[in-house]
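> Structure incoming, see below.
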Amino acid sequence: MPITINNFRYSDPVNNDTIIMMEPPYCKGLDIYYKAFKITDRIWIVPERYEFGTKPEDFNPPSSLIEGASEYYDPNYLRTDSDKDRFLQTMVKLFNRIKNNVAGEALLDKIINAIPYLGNSYSLLDKFDTNSNSVSFNLLEQDPSGATTKSAMLTNLIIFGPGPVLNKNEVRGIVLRVDNKNYFPCRDGFGSIMQMAFCPEYVPTFDNVIENITSLTIGKSKYFQDPALLLMHELIHVLHGLYGMQVSSHEIIPSKQEIYMQHTYPISAEELFTFGGQDANLISIDIKNDLYEKTLNDYKAIANKLSQVTSCNDPNIDIDSYKQIYQQKYQFDKDSNGQYIVNEDKFQILYNSIMYGFTEIELGKKFNIKTRLSYFSMNHDPVKIPNLLDDTIYNDTEGFNIESKDLKSEYKGQNMRVNTNAFRNVDGSGLVSKLIGLCKKIIPPTNIRENLYNRTASLTDLGGELCIKIKNEDLTFIAEKNSFSEEPFQDEIVSYNTKNKPLNFNYSLDKIIVDYNLQSKITLPNDRTTPVTKGIPYAPEYKSNAASTIEIHNIDDNTIYQYLYAQKSPTTLQRITMTNSVDDALINSTKIYSYFPSVISKVNQGAQGILFLQWVRDIIDDFTNESSQKTTIDKISDVSTIVPYIGPALNIVKQGYEGNFIGALETTGVVLLLEYIPEITLPVIAALSIAESSTQKEKIIKTIDNFLEKRYEKWIEVYKLVKAKWLGTVNTQFQKRSYQMYRSLEYQVDAIKKIIDYEYKIYSGPDKEQIADEINNLKNKLEEKANKAMININIFMRESSRSFLVNQMINEAKKQLLEFDTQSKNILMQYIKANSKFIGITELKKLESKINKVFSTPIPFSYSKNLDCWVDNEEDIDVILKKSTILNLDINNDIISDISGFNSSVITYPDAQLVPGINGKAIHLVNNESSEVIVHKAMDIEYNDMFNNFTVSFWLRVPKVSASHLEQYGTNEYSIISSMKKHSLSIGSGWSVSLKGNNLIWTLKDSAGEVRQITFRDLPDKFNAYLANKWVFITITNDRLSSANLYINGVLMGSAEITGLGAIREDNNITLKLDRCNNNNQYVSIDKFRIFCKALNPKEIEKLYTSYLSITFLRDFWGNPLRYDTEYYLIPVASSSKDVQLKNITDYMYLTNAPSYTNGKLNIYYRRLYNGLKFIIKRYTPNNEIDSFVKSGDFIKLYVSYNNNEHIVGYPKDGNAFNNLDRILRVGYNAPGIPLYKKMEAVKLRDLKTYSVQLKLYDDKNASLGLVGTHNGQIGNDPNRDILIASNWYFNHLKDKILGCDWYFVPTDEGWTND
């Protein structure tokens, strides 16, 4: 499946194959040709400006913009051959960068194979059509004699240079003109050629202010985008279009009714899906369902059409080949009549993988590229990246974040303060912004209208106007209320065959990568076809964003923008002072508004002679004290941190509370922080109704079940709609407040530093030179203190935003939903009574009980189920895991305790032992009454509700069950962890983890005795089994409205539907004990036992699992720490049926087949352990370290224990090697005068989840001789063998799934005995 990226120079001659003269689709038949380059299969690069549908004047910079962020214009860009050559080479480099990462390669592979359907909604049913603009373009071929012929080619994607705006990349599907209307096959399932306008050299910049990270520093929050990620963003749009899934039917429309609201293009659902992250939640669930259903119906129509195709306008097209391609593309099945049909299970996987699998956010993580946290993150002017072809600036594996230049951590390579060599600011007439003018009258008016951006205005004594210009980016995006669907409030009719809606749309990029690695390569068909010789192609008209004037607003009072402007310092170094009067600062360019009284007093007094350094220190101390202010308010208990100076900093006031921000906040709540208060009332939610009844009992019960499921859907739909409104109308305002406060603190710091610099300039004390470094250190400290203040501000805004969501919007929604429940329950009860004669009295009582139970508890809104919108996803998972932990057993100083914060009490009985665990110590339980640990749960973590979700996780080590024990005790089920509550009627209720032979069992039982179980049956091959003496990580999630899921080592192993269970009245105690175990010699070890108050999702489980697997300590075969001076047997992971043997002392080692054991009756087999050579690891240089653990990166010597002696392993200088590369290792070699290279490094270079180790060998100059592995070869007259060698070859193959340099170190252990 490797993808080849072709390399070109623009001057390369046309070859009618990979370099052609293209007549693009919008020029087809007009004899207008462009030089085009086939960068890879079915993708072409045309190094020309995208001019289709434009006018020449569109390329010239306008005076202003109608809407949107800043734009950069240059009509001369990409007009010369040298420009085109640089563009072409840059695109080749970006494609190589994308291809070099498996996630990017998978994206390219899907695009290459997503061939547009040869036809569309308007083409003939029974015929493929290759002449349509949507699938082909013409080209002009020239033979050696100079004669030309016109041909045509089928393709998927054509990439041009940028259109009029250099920093505006766009993807357009081919538009067909049908019946005087525009028709888009890319939106109808068929797909079409996709055209991209792209510029790699001018990239957007953005802020990371709302990320709550400690590395954030004032002045260092701006980043520039990586053009590879910009290209992948557009390629995701291409993928959607090729599959006919490009979304056009829904947009988030910006409100523009107030002057502080951004003038922005409507944001399409297509754009939000492509960006990903939390912003995709702006698209409500009912809209997502509608889009899903539309594509499903489109594909059904295509399946029907494909079934009828029998011919093509081009007789050379292989119809059967294309049918197979489309069957695979659309994942169609065939019915018994050979007709293509949509398999809805396959369709759901396909749809989710295309629409939700690839996103900018997820690809950024895979490529280690910094990108915006939110689609609404603060954007700034674009910058130029002039040296993308310079590998020291940008390479095709790391991009800008080059580790060797110390630019990898914290994305320093993209940081505008750190990597200044990588970019150039753009300015001049080419840079155009959407500006808003705010003008305020000052004393008696004059005709003066001055732009005070540069602080050069001087007003006359007669007065005038103060006018400031504000960039559109500085305004707040707030969505119109009609951007959100009201479908969840509409009436719905339920019947026995009602189809439930999917409530979650997502797909893991990791799953796509796994599927890509497993799939076989598709054979692409011939891309040549017949040309169109005449035509009048249609190109849609370019919509210009140019404006000729700046929008001006007259205001009477100061706004936040006057407050921020009054805090800006002059650009030149001069004497300035600080003032607490905004108006004073606005009319006097040497005065800076500040809201820190002590700072104002200190800086204005100036340096006092030789006390200069102390004056600076005092300023820093005052700034620290005032900027770190925070408080709490009892009435707003869910906001833990309130920053009181935000009010005077941003002009946040309430009438009657001027100068008292805290008082105003206490009176009004967090709504005070909003400029625009959205409407939180919801339309009435129509009660569910039931279709005409059936007399069949099964259908009646199914109708009732569907009704209850639909009721659950309704709650979730309304919650998600409310969350979408919050994201689009409220959360953007709180995020903007954070940006505004960041800017304010930045201005405060800048003013203080300039005052210090000016005072230092005029300072003439004798210590002036000596204190220079200290002054700089103190100024840096000033930035650090502002950064800490910013963290408090982010917490304040984040929690205030959540508070408004939960206490205002969700509470209002719950009122409506409870009314909906009341009406719907009455309808359902009436339905049951009306049909009681068909279902019987007994069933009637059960159903009534079930309905009362369901409707008695509202479905909770859990914020933890929604991504935090203020921190990045990786940090968010850590936060979720920490906040949702309600029990966490830890062992410290040999005492077992709960460290979750809920302080459950723990009783440890005498025979509950402590042994080495996965990290630290673990609980070891043997089979007697006093080997027991009891956790008495805190009251806060009771689970006496049928809607409480939870997760149990722990590490488990169980000895291998021998064949004799399996025969004797194989039917004995015994619990190891239990929360079962015993009632007087002997009906247990709760949950338990138990073992039975080779099976692990999870049991849930409700108080009525209903039971659900998941049984994991271990592998018959005990060497690879989970429950055979290795440490394994067990996670069981329980979603009470869905299923219980059992994971082992992060992999789903079993599920059980649990929606039918009632309340689980579990015991107050959790008991860790071997209960009802018949084998007196049985034991288990348990480590890191935790309970979470939510059903963890797969990504959270993966993060939890890997968090325990530190690569600091290497591990033996069982998962215990690898130790020095301990005997181990070595097993190669890639050849696990082999052992290591030695030919002779001083000679080589090789692999032999290990003995095996098979028991057909019990279905057990495995390779026996403890055979072959024994190895011992010793420190390369003895030291006084107390612990005996081998750490990754330790330098070691490896010995073989042979005939009661220890013999060192190494490679003699100039020794034998296969191909002069694979150096043959020797044991006990000791030839006079020939040094033995024996220095090794124990490392973990790959596969964190496997308990394997790699060994790296060095020569006497510390040069690598390679990793220890095997080579199949022959030495002398010996037979062909797998011989142990050291080879550098392995370093180039570390990404391979199986590699011969991975080794298991197997110590003898009581938990494994060979049968």
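Placement of Cβ uses the backbone N, Cα and C atoms for every residue, glycine included.
Copying in the features that Swiss-Prot gives for the protein in this structure:
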BINDING   His233, His237  Zn(2+) binding site
ACT_SITE  Glu234  active site
DISULFID  Cys1077-Cys1093  disulfide bond
> Under DSSP, is Cys1077 (disulfide bond) helix, strand or coil?
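The residue in question, Cys1077 (disulfide bond), is coil (DSSP, three-state).
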> Are there any residues at least 6 positions away along the chain from His233 (Zn(2+) binding site) with a Cβ closer than 8 Å to its Cβ? List them or say none.
Asn169, Thr274, Phe275, Glu360
> What is the total of other Cβ atoms whose distance to the Cβ of Glu234 (active site) is within 10 Å?
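By my count, 21.
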> Should Cys1093 (disulfide bond) be counted as helix, strand, or coil on the basis of DSSP?
coil
> Can you tell which of Cys1077, Cys1093 has the most other C-beta atoms within 10 Å, given these are the disulfide-bonded residues?
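Of Cys1077, Cys1093, the one with the most crowded Cβ is Cys1077.
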> Could you round the CA separation between Cys1093 (disulfide bond) and Glu234 (active site) to a whole angstrom and send it over?
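Just about 39 Å between their Cα atoms.
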> Return the count of C-beta atoms lying within 10 angstroms of the C-beta of His237 (Zn(2+) binding site), excluding that atom itself.
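Taking every protein chain into account, the count is 23.
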> In whole Å, how far does the CA atom of His237 (Zn(2+) binding site) lie from that of Cys1077 (disulfide bond)?
59
> For Glu234 (active site) and Cys1077 (disulfide bond), determine the Cα separation and express it in whole Å.
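Here the two Cα atoms are 60 Å apart.
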